[in-house]
(Lines of atoms letter the chains of each structure in order from A; the text may use other names.)
(Lines give C-alpha, C1' and ligand atoms only; values in the text may rest on other atoms or scores of the structure.)
Protein backbone atom coordinates (compact mmCIF):
# COMPACT_ATOMS: atom_id res chain seq x y z
CA UNK A 1 0.00 0.00 0.00
CA UNK A 2 2.82 2.32 0.69
CA UNK A 3 4.09 1.71 -2.78
CA UNK A 4 0.75 2.27 -4.31
CA UNK A 5 0.32 5.46 -2.41
CA UNK A 6 3.57 6.83 -3.73
CA UNK A 7 2.55 5.86 -7.25
CA UNK A 8 -0.81 7.55 -6.85
CA UNK A 9 0.61 10.64 -5.37
CA UNK A 10 3.25 10.78 -8.18
CA UNK A 11 6.84 11.63 -7.96
CA UNK A 12 7.54 15.26 -7.16
CA UNK A 13 8.88 17.24 -10.18
CA UNK A 14 12.18 18.92 -9.74
CA UNK A 15 11.98 22.59 -10.81
CA UNK A 16 14.96 23.88 -12.67
CA UNK A 17 16.12 27.29 -11.48
CA UNK A 18 18.39 29.38 -13.69
CA UNK A 19 21.99 28.67 -12.81
CA UNK A 20 23.92 31.55 -11.39
CA UNK A 21 27.61 31.76 -12.14
CA UNK A 22 29.53 32.50 -9.01
CA UNK A 23 32.13 35.19 -9.59
CA UNK A 24 35.00 34.94 -7.22
CA UNK A 25 35.54 38.00 -5.18
CA UNK A 26 38.87 39.51 -5.97
CA UNK A 27 40.92 39.90 -2.93
CA UNK A 28 43.28 42.78 -2.48
CA UNK A 29 46.45 42.12 -4.41
CA UNK A 30 44.81 39.56 -6.74
CA UNK A 31 44.46 40.16 -10.49
CA UNK A 32 41.16 40.69 -12.25
CA UNK A 33 39.95 37.31 -13.62
CA UNK A 34 38.63 38.98 -16.81
CA UNK A 35 42.12 40.27 -17.76
CA UNK A 36 44.15 38.35 -20.30
CA UNK A 37 47.46 39.31 -18.74
CA UNK A 38 48.50 40.01 -15.21
CA UNK A 39 49.03 43.62 -14.24
CA UNK A 40 52.56 43.87 -12.91
CA UNK A 41 52.62 47.63 -12.47
CA UNK A 42 51.86 47.39 -8.80
CA UNK A 43 54.57 44.80 -8.35
CA UNK A 44 57.08 47.05 -10.09
CA UNK A 45 56.10 49.92 -7.92
CA UNK A 46 56.66 47.82 -4.90
CA UNK A 47 59.82 46.07 -6.17
CA UNK A 48 62.27 47.20 -8.81
CA UNK A 49 60.47 50.49 -9.41
CA UNK A 50 61.08 51.57 -5.86
CA UNK A 51 64.75 50.92 -6.26
CA UNK A 52 64.75 52.86 -9.55
CA UNK A 53 63.08 55.85 -8.00
CA UNK A 54 65.54 55.81 -5.18
CA UNK A 55 68.51 55.60 -7.52
CA UNK A 56 67.24 58.29 -9.86
CA UNK A 57 69.06 56.90 -12.93
CA UNK A 58 67.62 53.43 -13.18
CA UNK A 59 70.01 51.82 -10.71
CA UNK A 60 69.74 51.21 -7.03
CA UNK A 61 71.07 53.97 -4.87
CA UNK A 62 74.52 53.27 -3.58
CA UNK A 63 74.93 52.97 0.05
CA UNK A 64 76.65 55.91 1.67
CA UNK A 65 77.76 53.76 4.50
CA UNK A 66 79.62 51.37 2.13
CA UNK A 67 81.50 54.29 0.52
CA UNK A 68 82.44 55.64 3.88
CA UNK A 69 83.65 52.21 4.89
CA UNK A 70 85.79 51.94 1.75
CA UNK A 71 87.37 55.34 2.34
CA UNK A 72 88.01 54.43 5.91
CA UNK A 73 89.77 51.25 4.83
CA UNK A 74 93.49 51.59 5.67
CA UNK A 75 94.48 49.62 2.56
CA UNK A 76 92.77 52.12 0.24
CA UNK A 77 94.35 55.03 2.09
CA UNK A 78 97.76 53.44 1.70
CA UNK A 79 97.19 52.93 -2.05
CA UNK A 80 96.14 56.55 -2.51
CA UNK A 81 99.19 57.78 -0.63
CA UNK A 82 101.49 55.54 -2.67
CA UNK A 83 99.98 56.79 -5.93
CA UNK A 84 100.42 60.41 -4.89
CA UNK A 85 104.06 59.80 -4.00
CA UNK A 86 104.70 58.13 -7.37
CA UNK A 87 103.15 61.09 -9.21
CA UNK A 88 105.29 63.54 -7.25
CA UNK A 89 108.46 61.55 -7.97
CA UNK A 90 107.63 61.38 -11.69
CA UNK A 91 107.07 65.13 -11.88
CA UNK A 92 110.37 65.78 -10.12
CA UNK A 93 112.22 63.41 -12.46
CA UNK A 94 110.77 65.12 -15.55
CA UNK A 95 111.65 68.58 -14.22
CA UNK A 96 115.25 67.50 -13.63
CA UNK A 97 115.85 65.79 -16.99
CA UNK A 98 113.79 67.92 -19.36
CA UNK A 99 116.73 70.23 -20.08
CA UNK A 100 118.80 67.21 -21.10
CA UNK A 101 116.52 66.47 -24.05
CA UNK A 102 114.90 69.87 -24.71
CA UNK A 103 117.05 72.87 -23.67
CA UNK A 104 114.11 75.02 -22.65
CA UNK A 105 116.23 77.57 -20.80
CA UNK A 106 118.52 78.02 -23.82
CA UNK A 107 115.59 78.34 -26.21
CA UNK A 108 114.17 81.14 -24.08
CA UNK A 109 117.36 83.11 -24.70
CA UNK A 110 117.06 82.75 -28.49
CA UNK A 111 113.44 83.93 -28.47
CA UNK A 112 114.05 86.95 -26.22
CA UNK A 113 113.39 89.51 -28.98
CA UNK A 114 111.24 92.58 -29.49
CA UNK A 115 110.00 94.64 -32.42
CA UNK A 116 113.00 96.96 -32.42
CA UNK A 117 115.44 94.06 -32.58
CA UNK A 118 113.54 92.37 -35.43
CA UNK A 119 113.60 95.59 -37.47
CA UNK A 120 117.31 96.12 -36.89
CA UNK A 121 118.15 92.49 -37.65
CA UNK A 122 116.24 92.54 -40.94
CA UNK A 123 118.05 95.74 -41.88
CA UNK A 124 121.35 94.06 -41.03
CA UNK A 125 120.50 91.09 -43.27
CA UNK A 126 119.61 93.39 -46.17
CA UNK A 127 122.47 95.88 -45.77
CA UNK A 128 125.34 94.14 -43.95
CA UNK A 129 127.86 96.43 -45.68
CA UNK A 130 126.85 99.40 -43.51
CA UNK A 131 127.39 97.60 -40.21
CA UNK A 132 130.75 98.09 -38.48
CA UNK A 133 130.72 96.49 -35.03
CA UNK A 134 130.07 92.73 -35.27
CA UNK A 135 131.18 91.82 -31.74
CA UNK A 136 128.65 90.07 -29.53
CA UNK A 137 128.17 91.82 -26.20
CA UNK A 138 128.71 89.88 -22.99
CA UNK A 139 127.65 90.46 -19.42
CA UNK A 140 129.49 88.46 -16.77
CA UNK A 141 130.78 85.89 -19.29
CA UNK A 142 127.29 85.33 -20.73
CA UNK A 143 125.97 86.91 -23.94
CA UNK A 144 123.21 89.43 -23.50
CA UNK A 145 119.72 88.75 -24.80
CA UNK A 146 119.16 89.36 -28.51
CA UNK A 147 116.81 92.28 -27.87
CA UNK A 148 119.77 94.16 -26.40
CA UNK A 149 122.33 93.20 -29.07
CA UNK A 150 121.63 93.07 -32.80
CA UNK A 151 124.68 90.83 -33.35
CA UNK A 152 123.31 88.06 -31.13
CA UNK A 153 121.77 85.08 -32.93
CA UNK A 154 118.05 84.40 -32.49
CA UNK A 155 115.58 81.75 -33.54
CA UNK A 156 112.52 83.95 -33.90
CA UNK A 157 113.39 85.35 -37.33
CA UNK A 158 114.52 81.95 -38.78
CA UNK A 159 111.39 80.19 -37.48
CA UNK A 160 108.99 82.83 -38.76
CA UNK A 161 110.89 83.07 -42.05
CA UNK A 162 110.72 79.31 -42.58
CA UNK A 163 106.95 79.24 -42.00
CA UNK A 164 106.48 82.23 -44.29
CA UNK A 165 108.63 80.57 -46.94
CA UNK A 166 106.33 77.52 -46.95
CA UNK A 167 103.26 79.75 -47.27
CA UNK A 168 104.83 81.75 -50.10
CA UNK A 169 105.80 78.52 -51.85
CA UNK A 170 102.19 77.36 -51.62
CA UNK A 171 101.05 80.68 -53.05
CA UNK A 172 103.49 80.42 -55.94
CA UNK A 173 102.41 76.86 -56.72
CA UNK A 174 98.76 77.89 -56.55
CA UNK A 175 99.18 80.72 -59.04
CA UNK A 176 100.72 78.21 -61.46
CA UNK A 177 97.93 75.63 -60.95
CA UNK A 178 100.47 73.21 -59.52
CA UNK A 179 99.41 73.28 -55.86
CA UNK A 180 98.91 70.03 -54.00
CA UNK A 181 99.36 69.13 -50.32
CA UNK A 182 101.93 66.48 -51.24
CA UNK A 183 104.02 68.93 -53.23
CA UNK A 184 103.89 71.51 -50.45
CA UNK A 185 104.89 68.89 -47.90
CA UNK A 186 107.77 67.86 -50.13
CA UNK A 187 108.89 71.49 -50.29
CA UNK A 188 108.87 71.82 -46.50
CA UNK A 189 110.59 68.49 -45.87
CA UNK A 190 113.32 69.20 -48.43
CA UNK A 191 114.04 72.59 -46.84
CA UNK A 192 114.32 70.99 -43.40
CA UNK A 193 116.49 68.18 -44.76
CA UNK A 194 118.93 70.62 -46.33
CA UNK A 195 119.10 72.62 -43.10
CA UNK A 196 119.84 69.50 -41.05
CA UNK A 197 122.44 68.40 -43.58
CA UNK A 198 124.16 71.79 -43.36
CA UNK A 199 124.33 71.66 -39.58
CA UNK A 200 125.72 68.11 -39.56
CA UNK A 201 128.31 68.94 -42.21
CA UNK A 202 129.56 71.99 -40.29
CA UNK A 203 129.74 70.10 -37.00
CA UNK A 204 131.63 67.26 -38.66
CA UNK A 205 134.04 69.71 -40.29
CA UNK A 206 134.70 71.45 -36.99
CA UNK A 207 135.40 68.08 -35.41
CA UNK A 208 137.75 66.91 -38.15
CA UNK A 209 139.69 70.16 -38.21
CA UNK A 210 139.74 70.14 -34.37
CA UNK A 211 138.52 73.70 -34.05
CA UNK A 212 137.56 74.82 -30.58
CA UNK A 213 134.72 77.30 -30.83
CA UNK A 214 131.77 78.45 -28.79
CA UNK A 215 129.39 77.83 -31.70
CA UNK A 216 126.53 75.60 -30.60
CA UNK A 217 124.08 73.65 -32.69
CA UNK A 218 121.36 76.22 -31.98
CA UNK A 219 123.70 79.01 -33.11
CA UNK A 220 124.25 77.23 -36.41
CA UNK A 221 120.52 76.72 -36.92
CA UNK A 222 119.96 80.43 -36.27
CA UNK A 223 122.69 81.63 -38.66
CA UNK A 224 121.72 79.19 -41.41
CA UNK A 225 118.03 80.05 -41.02
CA UNK A 226 118.54 83.71 -41.95
CA UNK A 227 118.72 82.81 -45.64
CA UNK A 228 114.96 82.20 -45.69
CA UNK A 229 114.45 85.97 -45.52
CA UNK A 230 116.15 86.41 -48.91
CA UNK A 231 114.31 83.40 -50.34
CA UNK A 232 110.93 84.88 -49.40
CA UNK A 233 111.82 88.24 -50.94
CA UNK A 234 113.04 86.61 -54.15
CA UNK A 235 109.92 84.48 -54.64
CA UNK A 236 107.56 87.40 -53.93
CA UNK A 237 109.37 89.62 -56.42
CA UNK A 238 109.22 86.78 -58.90
CA UNK A 239 105.45 86.56 -58.50
CA UNK A 240 105.07 90.31 -59.00
CA UNK A 241 107.65 91.08 -61.68
CA UNK A 242 108.53 87.72 -63.17
CA UNK A 243 111.95 86.13 -63.42
CA UNK A 244 113.70 89.49 -63.78
CA UNK A 245 112.54 90.66 -60.39
CA UNK A 246 113.33 87.25 -58.93
CA UNK A 247 116.93 87.19 -60.10
CA UNK A 248 117.61 90.81 -59.10
CA UNK A 249 116.27 90.51 -55.56
CA UNK A 250 117.65 87.02 -54.99
CA UNK A 251 121.06 88.08 -56.28
CA UNK A 252 121.12 91.00 -53.85
CA UNK A 253 120.25 88.78 -50.91
CA UNK A 254 122.75 86.14 -51.97
CA UNK A 255 125.57 88.68 -51.77
CA UNK A 256 124.19 90.07 -48.50
CA UNK A 257 123.98 86.67 -46.81
CA UNK A 258 127.47 85.81 -48.00
CA UNK A 259 128.90 88.98 -46.41
CA UNK A 260 126.82 88.46 -43.28
CA UNK A 261 128.02 84.89 -42.78
CA UNK A 262 131.66 85.78 -43.43
CA UNK A 263 131.70 88.58 -40.88
CA UNK A 264 129.70 86.64 -38.31
CA UNK A 265 131.46 83.27 -38.46
CA UNK A 266 134.87 84.91 -38.78
CA UNK A 267 134.52 86.23 -35.24
CA UNK A 268 133.25 82.88 -33.98
CA UNK A 269 135.91 80.70 -35.61
CA UNK A 270 138.99 82.87 -36.16
CA UNK A 271 138.66 84.61 -32.80
CA UNK A 272 139.29 81.27 -31.10
CA UNK A 273 142.43 80.86 -33.18
CA UNK A 274 143.69 84.27 -32.11
CA UNK A 275 142.99 83.40 -28.48
CA UNK A 276 144.91 80.14 -28.87
CA UNK A 277 147.90 82.00 -30.33
CA UNK A 278 147.69 80.38 -33.77
CA UNK A 279 149.65 82.38 -36.39
CA UNK A 280 147.55 84.22 -38.94
CA UNK A 281 149.23 82.45 -41.86
CA UNK A 282 149.33 79.09 -40.15
CA UNK A 283 147.99 75.94 -41.78
CA UNK A 284 145.22 75.42 -39.24
CA UNK A 285 144.19 79.04 -39.50
CA UNK A 286 143.91 78.64 -43.25
CA UNK A 287 141.59 75.70 -42.70
CA UNK A 288 139.43 77.88 -40.49
CA UNK A 289 139.21 80.52 -43.19
CA UNK A 290 138.35 77.96 -45.87
CA UNK A 291 135.64 76.47 -43.69
CA UNK A 292 134.13 79.90 -43.03
CA UNK A 293 134.10 80.74 -46.73
CA UNK A 294 132.61 77.35 -47.62
CA UNK A 295 129.72 77.81 -45.20
CA UNK A 296 129.08 81.34 -46.49
CA UNK A 297 129.24 80.24 -50.15
CA UNK A 298 126.77 77.41 -49.58
CA UNK A 299 124.02 79.83 -48.59
CA UNK A 300 123.46 81.47 -52.02
CA UNK A 301 123.53 78.05 -53.72
CA UNK A 302 120.83 76.67 -51.45
CA UNK A 303 118.77 79.85 -51.77
CA UNK A 304 118.66 79.38 -55.53
CA UNK A 305 118.16 75.61 -55.38
CA UNK A 306 115.11 75.87 -53.10
CA UNK A 307 113.37 78.68 -55.01
CA UNK A 308 114.16 78.55 -58.75
CA UNK A 309 111.33 76.09 -59.52
CA UNK A 310 108.75 78.33 -57.79
CA UNK A 311 109.07 81.14 -60.34
CA UNK A 312 108.11 80.66 -64.00
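The first residue you see is number 1, and the count goes up from there.
Even glycines carry a Cβ here, placed using N, Cα and C.
TrEMBL does not curate its annotations; it predicts them automatically.
Checking TrEMBL for transmembrane segment across the ranges 267-286, 287-306 points to 287-306.
For the transmembrane segment (155-174), the partner stretch with the highest count of Cβ pairs under 8 angstroms, out of 186-208, 220-240, 287-306, is 220-240. Residues 162, 165-166, 169, 173, 215, 217, 220-221, 224-225, 291, 294-295, 298, 302, 305-306 of the same chain sit 6 or more residues outside the transmembrane segment (186-208) yet have a Cβ under 8 Å from a Cβ within it.
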